[in-house]
Amino acid sequence: MSAGGEGAGSPEPAPSLELVGIDKRFGEVHANKAVDLVVRRGSIHGIVGENGAGKSTLMSIVYGFYEADAGEIRVNGRPVRIRAPREAIAAGIGMVHQHFMLVEPLSVLDNVMLGAEGGALLRAGARKARAELERLSTEYGLAIDPDAIVGDLPVGLQQRVELLKALVRGADILVLDEPTAVLTPEEADHLFRLLRVLASEGKTVILITHKLREIMAVTSRVSVMRRGEMVATLDTADTSPGQLAELMVGRRVLLRVEKGPARLGALRLQVQNLTVVDAKGTPRVRDVSFGVHAGEIVGVAGISGNGQSELLEALAGMRPIAGGRITLGSTEIGPELRDPHVLRRRGLLHVPEDRLRMGLVPPFEACESAILGFHEEERYRAGPLLSRDAVIEDTREKMESYDVRPPAPLLRTSKFSGGNQQKLVLAREIERSPKVLLVGQPTRGVDIGAIEFIHRRLVALRDAGVAILLVSVELDEIMGLADRVVVMCGGRVTGERLTSETDERELGLLMAGVSEQAA
Amino acid sequence: MDVFGFGIAIFDSGVRLAVPLLFACLAGLWSERSGVVDIGLEGKLLVAAFAAAAASHRFDSAWVGLAAGIAASIAFALVHGFAVISQRGNQIVSGVAINMLAAGLTALVGNAWYGQGGRTPPLEGAMRYQPLTLPGAEQAAAVPVVGRLYAYVVSGHSVLVYVAIAAVVATSFVLARTRFGLRLRAVGENPAAVDTAGISVTGLRYAAVVIAGVLCGMGGAYLSLDQAAAFLPLMTAGKGFIALAALIFAKWRAWPAFWTCLLFGLLDAVAIRLQGVVVPGVGQVPVQAIQALPYALTVILLAGFIGRAIPPRASGTPYVKER
């Protein structure tokens, strides 16, 4: 890695943040192996890598959550010891966490002040913090009501509070961990504009993400991590998404799924005026209608929390419906059929969004997780008992054909990586030759290599004539896989498009609830 | 006795019965707002009552008794704190252990020292708290209504009653208006947010647990040094648990906790007064039924009348840094 060479003429300013030989082990796991990193002042520096590559651990070390076993952190050329977040804050490092570190029942002002109260009594500090929020709001367009309760704010604004916390504390180095996961493309663009302004004022931004498109769009430098090692640091202008993906995985990967045009068959799943109400009585899905034919993938796009999850659960029979009709093939799914077990037998299979909560039982052996819901089938039976041999043998076969690693049916489910767990769920559902397959967030927390595999499988299934409903918050995934896309916002369908006739900008506007005409 | 006098008498005894509840309830409030569930309020009250009575008897001073009660309660609070904050143990199990330890230990030591079946000898004179007469109370008693209220309701309680009310004011103020209060409220909801803000979660929770210890210490001392003038085995009689109910009823806020405890105290006082009274149409109501009244009301109130009481989100869960 070469970091020098620039800044010819004047003596080169010290890098804003420098990591030298950072090493960290968690028991058996070697999370960071002698990592070096140089981040220049005023730059936006991307860090990419697969899940478990060590990005988050590295940043946790920078923010003082963990202490490195070996290595040195330098801020503005001076070595610093960072043993706790307090010391990181003092060194001018601010962090926007992926899972917001906010106290939801408290106000924006209280959250911003927490840890920087400016005195034993709150009154004086509150006045100062209010003024500071006012200033940041006018300077950067980060308007927010200081007295709003954080828990009532939409996620986009909650993230703004996180950012404001760091800025109010005078952070010079901002670390953002997967900041766009909760944003609409529109909001993400706004965030990126803001990051550019901050960088132009001399602040340093470190952006952790797995979206290569964002790296290309906003960063000036990018570092790639793989299996705890820093494998490369490049100027963004000199690289390409393909090269970055290859560096992340260690082999060539296809970022786009190859697929031909869809050959539509009969209407397999029809949803008419569906309404779903949650336990508190709030409508989550309002008057939704669409259909899925055999041989096509219909995507449901939307920012997380806009009714897609409830839609999926209602279709799978896991949630009662408050109104409307669901028709599977030619049968209307009346209340007596609205049961996951019954629906599965009728050919409607479901890969749930949250595999650890609904798809698998993490403490179970893999082979037990691999037959969940189908344990009553004849082939697993030995008299009145379950035939363990049959279960293990069956799982071994599935693991082989779905490339689950390690292929160990007796290993605890929770020991597998996200991608391999997901393959296990897919194998279980797909093997029952579905007529309709409901798929929720198939690649959430799944690494690039496995994403490629899962996407290829889904397309193959489509070509074999299965009707697939794909719910995903990853717009890239919807654009790459789906033939048609239904966009949801606030529980309603705000638009339906053929993926070949739309683009991410238009879908983004629909996701934000901008009306059809305006879009 | 006139109606006014009867009302004052009921109110007066209601206040007395409410004081230990109020101390325990505020103790629970501090602990739970920081994220530590404290089911051991009962045990802390009991051990404080015993330590206060024993020390007061030995040194002939209620003040020494109070100090001993507070010290004993803090010691138990620290055991709970060590188990659940440092060792991340189960908060319910630790609380139950505290209660059992307190019940057994007080009876055992009491019997070994005094040989009276676990009681301490009766406390007299300087060993117990005497009612204070506030300035001007005697003259005011002659003035109708306002003067009598001052003389009989405001004046004439022992010092701990006034401390209890001061504790409500202090709790409300500190939680809402101070840095410590903000941090404490935050740590009970999302300790990770507090940790990333550079503040010690452990330190805050220990502070809260110790404050709970001090308050329980005063509540227990009030029981033996004022109300009963001796320690009796199991004299807390479930007050620590009723305080937990009051805490939920008050939704973990200081002033509502005050009113709730006062209500429970008054109910208790009414129940005592009603014993043996013939109710028209029903006849004499059994003593047990009347004694059960406050408890039945507690259940009914908790079940239906307070709406959703949402506890601090992190209460009951030890803080573990995520990997």
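Cβ coordinates come from backbone N, Cα and C, glycine included.
Unlike curated records, TrEMBL annotations are generated automatically.
Here is what TrEMBL records for this protein:
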type     : residues  : note
TRANSMEM : B:6-29    : transmembrane segment
TRANSMEM : B:62-85   : transmembrane segment
TRANSMEM : B:92-114  : transmembrane segment
TRANSMEM : B:149-175 : transmembrane segment
TRANSMEM : B:206-225 : transmembrane segment
TRANSMEM : B:231-250 : transmembrane segment
TRANSMEM : B:257-276 : transmembrane segment
TRANSMEM : B:288-306 : transmembrane segment
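When the stretches B:6-29, B:62-85, B:92-114, B:206-225, B:231-250 are ranked by Cβ pairs under 8 Å to the transmembrane segment (B:149-175), first place goes to B:6-29. Sequence-distant contacts of the transmembrane segment (B:92-114) (same chain, six or more residues past either end, CB-CB distance under 8 Å): 37-40, 42-44, 46-47, 49-50, 54, 76, 79-80, 83-84, 120-121, 231, 233-234, 240, 316. Within the same chain, residues 38, 41-42, 44-45, 148-149, 152-153, 156-157, 160-161, 164, 167-168, 171, 211-213, 215-216, 218-220, 222-223, 226-227, 236, 239-240, 242-244, 246-247, 250, 252-254, 257-258, 260-262, 264-270, 272-273 sit at least 6 positions outside the transmembrane segment (B:6-29) and bring their C-beta atoms closer than 8 Å to a C-beta of that stretch.
Outside the transmembrane segment (B:62-85) by six or more residues, the chain places 36, 38, 40, 43-45, 47-56, 91, 94-95, 97-98, 101-102, 123, 126-129, 160, 202, 205-206, 209-210, 212-214, 216-218, 220-221, 224-225, 318 with a CB less than 8 A from a CB of the stretch.
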